[in-house]
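Here's the structure we're looking at; comments come further down.
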Amino acid sequence: MSSPIPRVSLTWLLLAQALVVVPFALHVPVSIMLLWLGCTFWRVQVFRMRARLPGNWVKAGLLVGTAGGVYLARGSLVGLDAGAALLVAAFVLKMLEMNNRRDARVLIFLGFFCVAVGYLFEDNLLWALFSLLPVAALLAALIGLQQSDLAGKASDTLKLAFKLMAQAVPLMLLLFLFFPRLD
């Protein structure tokens, strides 16, 4: 079994999930947003050692209920809107399934993918600037996962994340300016 998730990384993951999910509020069913609030509350209670992670039957029920809710809201499980809703739901539900660093890495990469999917709905400069926030939080969580439990504070991981992002700014600008839009 992989080693446990450092607390600083879990804090960044919770913040990153909020920064990733909230912009999708206009594009996913309300039930997904309520699911996110419930799962976040549950995970915070686990973080505070006041609750346990849900069992397999609870997770399976949440998954089936979520897929059913997306089907009822969108009329299908296929297409951009339904696919984005299912991706965001998977990102939200993975938080309840996360036990170790490997699971946390999967959650982080799902978060990066969700940020990229956001560009299918919004492709303006404001969204590009805002998307730097969840990317920074996801990078900070990834950095926190790779460090030992005693290495550094949350602010140190964020500084390193911004330093990495600053090195990528020239490539990001080139891609934003010259990558073809879907319009």
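Cβ from N, Cα, C; glycine included.
Annotation comment: TrEMBL describes 12-182 as domain 'Protein-glutamine gamma-glutamyltransferase TgpA N-terminal'. When averaged over the domain 'Protein-glutamine gamma-glutamyltransferase TgpA N-terminal' (12-182), pLDDT in the model lands at 91.
Among the features that TrEMBL reports, transmembrane segment is placed at 12-37 (among others).
Here TrEMBL flags 103-121 (among others) as transmembrane segment.
For the transmembrane segment (127-145), the residues of the chain that approach it from at least six positions outside its boundaries are 5-6, 8-10, 12-13, 15-16, 19-20, 23, 101, 104-105, 108, 111-112, 115, 118-119, 154, 157-158, 160-162, 164-165, 176, judged by C-beta separation under 8 angstroms. Taken from TrEMBL, the feature transmembrane segment applies to 127-145 (among others).
Here TrEMBL flags 157-179 (among others) as transmembrane segment.
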Checklist entry - Any residues 6+ beyond the ends of the transmembrane segment (157-179) with a Cβ under 8 Å from its own? => result 8-9, 12, 125, 128, 132, 135-137, 139-141, 143-144, 147
